[in-house]
Amino acid sequence: MKEGDEVSLTCASDANPAANNFTLYRHLRNETVRWRIVQRKRITVTVGWDRDRFSCKARNPLGTGKSKILELQVLYKAKNVTIKGKKEVKERAALELECHFSDYNPPTTQYSYSWYLNGNPVNGETGRILQINNITESHSGTYSCNVQNRAGRSNSTGFAVTVMYSPKNVTVVISDGKKERKEDDKVRLSCLSDANPAADNFIWYKHVRNEPKKRRPEQRQNITVTVGWDRDRFSCIARNPRGPGKSKILELQVLCKYYVNFSL
């Protein structure tokens, strides 16, 4: 029988005169005993989650007789379902999560498992252990597992997994979005990236025509530059504990103050 089923129990005896007073005992796993007196020999009980064992006493005017303990073979749903594993995993590493639960059923009980990420099924994963190789940032989110047997289905609480990765999509951005500037304008530039954890170290470069790139002294995410007379080009590197990421070159279109026309 399954947990939650209703079962009819009868305290039967051979007595003369017939027994007319009955006491039912419920024996719990931790050896405590609950009892109640009933005035009839047949009662209905609801099977609980713990192993259910019952005994009874029958009494007539000549004395009392006691039964042996009856143990019901109850199939229980999985209890206390949780997920164990690492909550922070590096990109391109392997993610391994295990579905744990309390099992009070016989060793031969069969279970099936389902895994979910942000409420959506993780396709093809039906084992107690979920393993995903070469993970990416798309594997970040809340995982849950579902355990089912003939008694029913049990769900775990959510388990949040964060994938750690170096800066991607590193871009130099102009604060007002305008690439066309006048000479001597002051322009605020930002080094933006997608990273986990967020980038916390920055290197800036100025690319001058016909010269090697020059590293600027700033190590901040945002800098302010003064536009020169020549075509100004900038790039940046963003870094977090997982590594660096490099931007493409941003070129400002500079309008010079003076235009000199040489003619013969």
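Backbone N, Cα and C define each Cβ position, glycine as well.
Confidence for the domain 'Ig-like' (1-73), expressed as mean pLDDT, is 82. Taken from TrEMBL, the feature domain 'Ig-like' applies to 1-73 (among others).
The domain 'Ig-like' annotation in TrEMBL covers 78-162 (among others).
Residues in the domain 'Ig-like' (167-253) partition by DSSP class (helix H, G, I; strand E, B; coil) as 0 helix, 53 strand, 34 coil. Annotation comment: TrEMBL describes 167-253 (among others) as domain 'Ig-like'.
Residue counts for the domain 'Ig-like' (78-162) under DSSP (helix as H, G, I; strand as E, B; rest coil) come to 3 helix, 47 strand, 35 coil.
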